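Student: What follows is a structure written as structure tokens; I'll ask about it next.
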């Protein structure tokens, strides 16, 4: 059985029989984990092993493990700083900030890989305009070139541990106050304004080999009436054609309020896939997931399947015990632990 275009979640720290049946459906291609699915590194490793064993090829396992307030796995994992802290260090010592970003990416990826998680939806490429409460300190910086530099460094760290990077939220979520989890979000700027600011990190990352992008549930009416994740203009014309992106496109969660304007969960999935998403996420709504599995008819193209498969990366580290014997990891984790929330590194 090949993979499908849906990424779903599960209820708890162990698979239930309902989870197993749901994840065995041919439309499913991935699982996203949350804090409720985590108790310890050993438990997580057992859970991911069971998920991977359900199917061949195995389901893709993802998580939002960015650092700061968006870090699903905490106890037993290195505490990662908010990305804004790296931006603040960059204002004083760019070389040090780039080094720490790479180290943070390595630690993040190495720990997840050691527990069987394939990828994290990171880095955040949104600019810190000081407008968005939902983005806030998740963003590296206000200046697009600084964001691009730090994100490229973090991606290098991820890749050195065998993990692909996913840039989000295309084409930029930082300039609006609205939280797409709970309301419709509209960015009234022109394409020219977005291109000369928000698209710079995406363009730089694409040129550097970015593997995945997550689209924003934000409407940019000067460009298209549909939000980016439902817009073929954004995903196919601008992202694929103009920016030359050849990697995997993920939707943001189709259960968010900003996505509900597009009809039933099945209609939302259809429109996102038709617009150009390779894989769509449905989170925190088991009834919607079951409805979708019973009603969606979608032929997963060979091209989309290949792009999803490329998100697996490599499993070079097989356990936390092995990881904690590696000098490179110990050094990187030590450096990251010495960064405090005020953006001060003891090595500065």
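Each Cβ is built from the backbone N, Cα and C atoms, and glycine gets one as well.
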Student: For the substrate site that Swiss-Prot gives with 64, 72, 168, 169, which of 138, 142, 203 also belongs there?
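Tutor: It is 138, as the record lists it for that site.
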Student: What is the nearest of the recorded positions 179, 181, 252 to residue 168 (substrate binding site), using the Cα of each?
Tutor: 252
Student: Can you tell me how many other Cβ atoms are located within 10 Å of the Cβ belonging to residue 138 (substrate binding site)?
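Tutor: Result for residue 138 (substrate binding site): 25 other Cβ atoms within 10 Å.
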Student: Expressed to the nearest Å, what is the distance separating residue 252 (active site, nucleophile) and residue 72 (substrate binding site) at their Cα atoms?
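Tutor: Just about 17 Å between their Cα atoms.
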Student: Suppose we draw a 10 Å sphere around the Cβ of residue 181 (active site, proton donor/acceptor). How many other Cβ atoms does it contain, all chains included?
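Tutor: Excluding its own Cβ, the number within 10 Å is 15.
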Student: 64, 179, 252: which of these recorded positions has the sparsest Cβ neighbourhood within 10 Å?
Tutor: 179
